[in-house]
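Encoded as structure tokens, the structure appears first; notes follow it.
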Amino acid sequence: MQIPDAEALCRELADQIRPHVTPDTALVGIRTGGLWLAERLHAELGLSTPLGAIDVSFYRDDYAAKGLHANPQRTDIPCKVEGAPIVLVDDVLYTGRTTRAALNELFDYGRPSRVELAVLVDRGGRELPVAARFCALTLSAPLAASQVLELERTADGTLSLRLTDA
Amino acid sequence: MRNPQLNKHGELQHLLTLDGLPREILIKILDIAAPFTEVAEREVKKLPLLRGKSIFNLFFENSTRTRTTFEIAAKRLSADVVNLNVSTSSTAKGESLLDTVDNLCAMQADMFVVRHASSGAPVLIAQHLQACGHDDIHVVNAGDGRHAHPTQGLLDMYTIRHCKGDFTRLSVAIVGDVLHSRVARSQIAALKTLGVPDLRVIGPKTLLPTAVEHMGVRVFHDMREGLRDVDVVMMLRLQNERMNGALLPTAQEYYKMWGLTAEKLALARPDAIVMHPGPMNRGVEIDSSVADGAQAVILKQVTYGIAVRMAVMSMLAGN
């Protein structure tokens, strides 16, 4: 598979979201890749609401099986959630379980007026009824379960996608 | 022999003591506690991690703060918490500790939080659970005799790290009744593990364990000398019952010699923090002006205690 250019996809995603931005639209990025992307979108769209960051470690559905193995970080949502239109941002949409966890966490901060999902890449393989409203690239064929597609960021802030075989 | 706190994968199975707890596990608990501090600021102060788990608070000795913070921590993790009031429990009718535990296991307990006046009671329970094949039930020591109070030690470490950062550059003084203090033992173990280069204990000879210097601490009997240039002052509670024995003169005299006053605190570094595990005896081990002063982080310790206990319980239940 040809690795897509993350920078170009990022601009494409911003263009998709831009017509739908309202003055109270708030972005919430899912750590870590989704937050990098959200930071970029936040700047490109020139939003005035503060950017939120969500870490879904405490809401994952595989805690009972896997425990707390990852290194959880702070969830930090400085924007108003109650009554606000929220765009949830993640780098790669796969099973939909991360989105489910993020939605649950988001609702513990209040009841948003609507939540939309923005992702850079939809890699297929959904296990839950989740779909992205904004998506820069949908892969024509789903990736195999052994493959990992993730966003990376260099020291100078350049975004790139990396595909590895586990 | 396997460390009784760890499972066969080397993960934390029970939290019994900080003495001998691997450094990376200690650091991991502090790291995991950090994001839990944020839960208190939410609209809904609850996480779903321990949904459906039953946690029994087994307090065979009185405690308000520790029991309450454990209860809040468990409830914020969505666990079902049962507080066993010992004065009305079967123990008062003559049931043994392990029979009580067996009965609670039969009620599908997932975790015991144990406070006991006898050193070693939580270890005894942990060994008993293992012998009975209950590998999925966890024990947290909430203070046993003079032995250990690991979650207090951990929340103290969290507070120090939050206020001071790097442990390997700190001077820390522990002041007061080290002899009878399980808190001091847990603090010393953790501070040594985290690499504090200058660890001091300050107190009268009658309230310091014999050969305490073998724990890797410097001993001071003169409080003014001991507090000079320290970054952290950790006060210990003077238990009232000690006053009745021959270990001490009067409370007034103890205050004069070992009580932390603004004048004595001025000998520490200007940015030194003052800690106390509570409950405080104002005018005995600490002066009110210090307890309520700008350098005191005593109430922060209580708040961080909830996050640290959430971290411990969620790590245990996931292992």
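Residue 1 is the first one shown; counting continues down the chain.
Glycine is treated like the rest: Cβ placed from N, Cα and C.
Just so you know, TrEMBL annotations never went through curation; they're auto-generated.
Note that the structure is a prediction, hence the values are computed from the model and not measured.
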| query | So TrEMBL lists B:R65, B:T66, B:H149, B:Q152, B:G278, B:P279 for carbamoyl phosphate; which of B:R23, B:R115, B:R200 goes with them? | reply | B:R115
| field | B:R237 (L-aspartate binding site) to B:G278 (carbamoyl phosphate binding site) - Cα separation in whole Å | value | 7
| said: When you rank B:R65, B:T66, B:Q152, B:P279 by Cα distance to B:R182 (L-aspartate binding site), which of the binding-site residues ends up on top as the closest? | reply: B:Q152
| note | Averaged over the domain 'Aspartate/ornithine carbamoyltransferase Asp/Orn-binding' (B:170-315), the pLDDT of the predicted model comes to 94
| task | Could you state the whole-number distance in Å separating the C-alpha atoms of B:R115 (carbamoyl phosphate binding site) and B:K93 (L-aspartate binding site)? | result | 19
| For carbamoyl phosphate, what surrounds B:R65, B:T66, B:R115, B:H149, B:Q152, B:G278, B:P279 with a Cβ no more than 8 Å from their Cβ centroid? | B:S63, B:A142, B:G143, B:V183, B:P277
| query | Quick one: what's DSSP say for B:H149 (carbamoyl phosphate binding site), helix, strand or coil? | reply | coil
| message | Taking every protein chain in this structure into account, which of the binding-site residues B:R65, B:H149 has the most other Cβ atoms within 10 Å of its Cβ? | response | B:H149
| remark: Mapped onto three states, the DSSP assignment of B:R65 (carbamoyl phosphate binding site) reads helix
